[in-house]
Structure formats: structure tokens, C-alpha cells
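To keep things clear, I will list the structure first and then write my remarks on it.
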Amino acid sequence: MDNILSNNIRNISKLLLEGRFSTLDILDACMKRIEKTKPLNMFITISEKLAKEQSEKSSIRYKTQKPKSVMDGIPIAIKDNFCTKDVRTSCGSMMLQNFIPPYNATVCQKLIDAGAVLIGKTNLDEFAMGSGTVDSIFGATKNIWGYKDDLDDFHIPGGSSGGSAVAVATGSCFGAFGSDTGGSTRNPASYCGLVGLKPTYGLISRLGLIPLVNSMDVPGILTRTVDDCVYMLNATAGPDPKDSTCVSMPYSPIRIPPAANLSIKNVKIGIPKEYASEYLEDEVLETWNEVAALLENAGAIIKQVSMPHTELSIVCYSILNQCEVASNMARYDGVQYGFRATENSSTEQMYAKTRSLGFNSVVKHRILTGNYFLLNRNYEKYFEKALKVRRLISNDFDNVFEEVQILLTPTTLTTAPLFSDYIKKSNSEQCSQQDFCTQPANMAGIPALSIPIKLSRNGLPLSLQLMSKNFSEATLLAFGKFLEDKVKFPHYVREV
Amino acid sequence: MIISENLWYTKTFFRKWQSVVGLEVHAQIMADTKLFSASSSSFLSSTNTNVSFHDASIPGTLPVLNKRCVEAGVITALALDCNVNMISMFDRKHYFYGDMPAGYQITQQRHPLASDGSCKFIVFTPGIHKSPYMKEVKIKQIQLEQDSGKSLHCDDRSLVDLNRAGMGLMELVFHPDLSDGEEAAALVKELCRILKRVETCSCKMEEGALRVDVNVSIHRCNEPLGIRTEIKNIGSVRAVAAAVKYEIERQIKLKNKGYDVINETRAWDAEKKITVAMRDKEEKQDYRYMPEPNLSPLFLSTGDVHQGLIDIEQLKQSLPELPAKTRERLEKTLELTADQAMILVNDDVLLTFFEDCVKKKELIPKFLAKTLIYEFSNAVNKMNIDPANFLHRIDFVADTVYLMQTRQINRDTALNLFIELLQGNTGDPLQIVTKKNLFQITDEAELELLCKELMNENKKLVDLYRGGKTKVLKAMMGILAAKTNQRADMAKCDQILKKLLNE
């Protein structure tokens, strides 16, 4: 039963339909795997009771040969910044440590409607502010790659959706939702050897995703294969009248033919030279070159392109991020929900103490600088200027997509760093290096996909990123599937 | 010497202070649901029952703009002659307050829905003004924004009611074109008439549906404007007049004593009838405005409608006749006096009676207006009853006026008929008049007979009159009226009686 966990969603669904085992057997296997990998600390809350109920209902549907979709009965995990009705949603923060939402995020509701089984809520950096899944009040999450029981140190899983990534990589579930504002889904996908999709802004509803930067946040998908990613996307994409930034055009489900039938002949692929950062590790650069050569051999046309505003992305992002954070965090005042400090001298004192105790230093730092940038006298100098730079970055993509269909870049500059090295740097330093290749896509809103390629010499995953035009997920995923088939990444679950 | 010179100086300039008044009005939009959520906007619901997850700012919730609120904003802007902006945007205005759960209010600061409007209105308060005069005020902008909740502060705790939180408001910002409290009050009244006419706000100030902030400053002729104070949340039209009047006088007194007016927010104490400084806003707040990232810019269209967009042209065409236009029509087309037109337009129910009656019978509009304004209003006041409950009895009113116009009954009878109506009489006027024999006596022979009878019965008065005390005629007319149960045609009696007495 254990090796069933390395299977893909399509096969599981088929086997369930054939009655080879029941959804409860799968759930049980997942729960055992979670128990076994507990030291990695990927879950904040395990919703076992709810999962059992959902799984039981699903098994009845399979018995009558009427599953709701290919996702029916499939255990999945959700990052702990998506609201789940009656299941604690903490954002990894003391502020929401005991917050139980009264509603489901649209993503969760759609997954439930498709029959999926929600097994738990995964760890993240507090309010998704980080790239390592190290800044959570529930402690850091550990990467399964390079992990040894007897060592004090470990590799970080990347973040901020590190909990979701490790959950999928260990086979504790078949897919997971993260969120992606500057790379928070693709970064851990890269470090944990997973497929990580950041869909086009507005393709999947943000309702119920507790915001970091509203104008860049998207729900992100973490799976072991591109096909699984497609199923997760098909189950959740499409209009939502409750999210005004979600596009209103109807979504047509993506279907990708078998890899053998795919061809990339004459597809124009751009290699943006500005992504070759000075911090790019040699092994990542090698991988990048190898894959470019591989694609050229398969008939694609490789072109070097220039995106001159790439390096401005990080500094521009840091201003926009902190401004929106300052605003979005204003609601946490201890009045209606969440943590409230014991302080009765005045309402203002209660706010002050609650916020000073309830947030970690990263969050407080961003609130403070964000409010500074938004002051009347600074607004033009910082916020407005950042918006203009954002436009330039977005224009870079528009221009380059006139020439090529797909961009090929690294996802991360390195393989997963050691925890001990990582925490030597400040949060802003961490983010600026971690998000270098992923951040620009969020500025422009375009879809981006991280594909695991191979293992490094010391056994850590190396991944590359594919980017394409707005709403071209079908092309992007098909291309990703082609590449996936060529490189045959050795997934961890298969090695267990 | 110096002191008296100063006094002279002060006295001379005392009369030369000019006051400048500007208004900011928050009008709650008449809509079934809130600006960004689907919860009800009813005023009468019990505490914290009209609160959606978004209204309570539960994490992860998003605003969805209410189309009706935008339409109401556009209609209001058109009624106030504004330029409606084809693209407007929403901003977040940040400040902490217990009844503002998100820590910010969604408003339109940088790109409002509409700008540059104007409003003409009549200023006339009997007892203060000898005659009505026209005034025009410019409108700076109209923006859509969320209302806050309500806080209730007790001894040891504060309670919050979020029913009002998130309701749609139109904030109307006027230029400081007014010069005193009466003008401010007259503008608020006209604004209420307009908003009620276009049905975008109930204007029930007692429910807080319309709230007025005023800015007041004084300066000397030919000098720049003075430092202004702001009086917040004034709750009635008369309070607007009184608060502004008080504040102007307070500022003049301060200046005359040599003090400066300080820029501050004050509140109107309706009981003591004074303005008092509010303590909490001493420091100048920086609201750190930021574009609302969860809403796309608000696009409108004109004529050529894109799917889902609000069409300004269509709303313009569906606009009802506005109060100023009604006044003009009543005066020009129906030949009412300016006063009559003003009174009717000020009173929706009276105006409805007028407009409906004028269609029913061959009534002379001016005569009808006069009857409604005097006899009908008199009956309404006497009975202290809402005439709106009798709008279905238009025929009764029209018939009564018709009987009077054709001299079949007199004014007193008309008044009594209106009272009968308000008391619930379901008959029609002609029936009542016939049954109670209330027809006016107009037959000259009959009247002459009555007059002669009167003279016989009151020889003393006749003698007095003939002796030169002509004012006893009034007393005699009174007796005659009583004698005939108010039925005699008094105009004719006056002639006949005079003729007989002078024989």
C-alpha cells in the first residue's frame, strides 16, 4: 500500500474506480506517512476527522461508480493562509494562532466540490513573509532532501509554502496549494524537486487567501507531476463573483496529450541574459545550459533575449510589498478575532500591545516601513515610483513575448541552502536572493512553472523555470510536460 | 487715548467681518445592500445582525462593488450638474478605530466618481429674510465610500455595532461659497429635496442617513480667508443654521478680543446650543492613502455600452424632473406665484396632491395651489395627521376645490370638508354638502332678505354704524356668518349689507 503514494492522481482515480482499494485506504496510507515524517514539521494542523468524513463520502461515490471528478478521494494539503471553514487557519502567526474561519476559501471549496480530501494545513513563514519556511511560530519546516535524523542541521525547503512542498515531496499527499507572491510556490518547488505552478493573476480566485500583496498574490500549485498539476488547476480555476480581480471569462479545462505525442519543433524559447545573476551557482548555470541544449536538439529555437529591468524587480517589490502589508495588517487589532493582549488602560494601548506581541519582527518591520512609504510626503517618491517601475518590468515581458513564446530561466540561484547558513542573513537579504528569478513574473502577472530537472552532485534538486504570456497555461504546462518527460527527475517518493 | 483709538478701530471693523461657510455632506445611499457586501442596509435591524464576513473584515474576504450604489452616485452627480468621471478609483484611508474593523476605510480620494458640479437654491427663512433670494454653490467632488460602524462607550468597556459598517455613502464636498447658517440650512434642504426626488438617499437626518459637516471661517473684506474650524456630524437642518451662526459669532468675538481662531474640529451641542472643541483630533492625521488593490478601476460608459458597465447617458435620460425645474414649470406654465411654487416643491405630498388634482378637473392651478396651501394645510395642521395617507383620495380634494371654485361652497366649508376627509369620512364632497346642506347661499334676493333680518335683530349695531362707527360692520358680518352656518357668500353679503346700511 505504501508505494501507492508515489503514484499519480490519474492512476489513483482509475484504481479507485476499479475497486482495487478504497479512498479510506489511501487516506490511511497518507496519515501513516505523515506520522513517519513528523520531524520535518510540515503540518500545522492535521484535519483527520474532516478528512475521514470526506473520504468516506468519496468511497461511497466510487462504489456507485459516480466520482465527482478525477480529484475525488485524493488527499491534498492546503497552506495555512487559506481559510478553511471550522479548521484553524493560523498564517503561522501568534496573531491568528487560534483563528477558526467561518468560511472556505474559494480554492478549498472548489477542491471539496471536486471530491478532494483535505488532510491538513501546512507550515509557512508568518503571513507568508519569507522564503525559507523558517519564520513560523510553529517552528521551521525541514527539507526531506539531504535530511538525516542524526544531524542538527538540515536544508531549508524554501518558502514561504515550504510545508506544502515537503508534504507533497514526502508522499503525504498528492498535491498541495501554496500561495505565490514573489515566488513562494516555485521557490520551495525548486528546492524540493516538485512541479510548482504560479498561474496567471486572476485565473484562480483569491477569496479566502489571507493576503500578503493583493495585487500579486495567486494561489499556487505544488505536485510531483505536470499532469497532477493540471488536475489541480482544472479543479480550481475560473471566475468567482466574490473576487473582483478574478477574470470573468469562463475557464476551459486543460487537457494535455501524452508526452510522446508532444513536439516542440520551432517553438521559440528566450533565454533572458539578465537572469544570470552574480549569485547564480555553477551547477544551476550548467543545468540551465544543458536544458537549453536539450530543447534545441528537440527542435526548439533558442534565442538570447534582454529584459533590462529585471534587477529592479526586487527593490520595487520590497516597496510595494511593505505598503500593502502595512495596510493589510491593519485589521489585526485584537478587537474581533485573533490574539488580544491583556491590556485595559485604553483601546489604543490594547491595539499597541496586541500588535507588538502578536506579530514577529519581520512583520513589524514591514508594517513600519510600509507606513513610512505611504506617508503623504513619501507617496510619490516611493509608492508611485515603484508602480512605474513595475510597469517597466511588465513591459519587458510584453516586448519579449513578441519574439518568443516561452522563457527559460533558473527558478532559484542555488540548491536548497543549509538552515544554519540561511539564518545568518537578514530576512530582506534572504528574500532578495531567493526571489530574484521568480519575482518578475508576479510583477507582470504572467504564469510561471518550476520543473525539477535533476539532482546536484550533493543530492539536492535542481530546477528551472518556464514563463509565458498571460493565460497561456495550456501551452506552458504542455511544454513543461515535454521537458519533464525528457529529464525524468528522480522523485523522492519513488526512492523511499 | 490709545485705548479708545483701538476701540474705534475695533468698532469700525466689527461690521466688516465676512463669514465663509462650506459643507461636506455624507449621504447614505438608498440601496438594499452595502457598498461592498451583500448584507442588508436596513436601519431597524437589531445590533450586529447585518454583518457579512467582509463587513467584519474577516481575513481573506474581498470587496465586491455594489452596482446600485454606483448608479445612485452617478444619478446624484447628474442631478447636481457634475462631470461624471469615466474612470474613477478606490483608495484605502488608514486609521485605527474600534468601529472600523479593517483599519482602513475604502473611499475615493485621488480619482472621485464625479467633480465640478453646482446647485442653485432659494434662501428664505420667514422672520429672518424679508424676501427669498437665489444662491448658487459649486460642488468640488462626489465620492463613494464606506460608512463606519457605531461605537457605544460605557464606563468600563466600549461596544461596537457593525450594522452600519460598510454601508454605501456619497460624500459631497462643496466649495465654501456660502456666507451664513441660513444659507447652509437652505442648501441642505434643497439637497434633501433633490436626493429624495432622484431616490438616492432617504435624507432622514434623525437616522443619520444624511450627516453634515461644516467649515466656518471669518475674514475682513479684501483680506485672505481666515483659519477655519470644522463642525462635525450636525444632525438636523435647524442645527446646521444654529451651529454656523454660533460659530461665526464665536470666531468674531475671539478675533475682536485679539485671539486667533485655531484650526480644530468642533462638535455641536444641541442642548446647550454651542460648539465645543473635540479632543481626539488634535494631531494632524496622515491617512496614508493607498489604491485599493482588490478593486479594479471603476469604468463607466456613455451611450455605447460595454458589457456590464453603467451607462451614464441612460441614467441621464431616466432622471426625474428636479425641484428647480418643477418650480420653474409651476411658475411659467401653470402661472403659480413664486411663493406658491416654492411651498409646493418643498412639500412632496402637497406637490403630489397638486399635480394629481390639476389633471383631474378643470381647476384653475393658482386657485388650487392657494386652497392646498391654506385650507388643506390648515386642516392637516388641525388634525395633526400625515396627509400622505390620503393620496388615494385625490378625487375628494379635487371635487372640494372644484365646488369652491364654482362658488357652490365657501372657504370655511372647504376647510370643514378637508377635516371630514382626514377624520376618515369615505363619502364624496357633493354628497356631504347636499346631505348637510352646506351649499353657499349666493342668491342675491335670499342674501338681501338675510341681511335685512340681521339688521332688524341688531338695531343697536345698525345705529352705531350709521352714527359713523363703520367698523361694527365686521361684527355684523360675523353674526351673519354664524347665523347661516358659514354658508353665506360673504363677498356678496359685504356689498349688500353696505348698500342697505347706507340707504
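Using the three backbone atoms N, Cα and C, a Cβ is placed for every residue, glycine included.
What TrEMBL lists as active site, charge relay system is A:LYS79, A:SER160. If you look up TrEMBL, you'll see A:SER184 marked as active site, acyl-ester intermediate. The domain 'Amidase' annotation in TrEMBL covers A:25-477.
Feature annotations (TrEMBL) mapped to structure.
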residue  : record                               : CB count, 10 Å
A:LYS79  : active site, charge relay system     : 33
A:SER160 : active site, charge relay system     : 38
A:SER184 : active site, acyl-ester intermediate : 37
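Per-residue confidence over the domain 'Amidase' (A:25-477) averages 96 (mean pLDDT, predicted model). Here the CA atom of A:SER184 (active site, acyl-ester intermediate) lies 11 Å from the CA atom of A:LYS79 (active site, charge relay system). The residue listed as 'active site, acyl-ester intermediate' sits 5 Å from A:SER160 (active site, charge relay system), taking the CA atoms of both as reference points. For the recorded site, A:LYS79 (active site, charge relay system), the DSSP three-state label reads strand.
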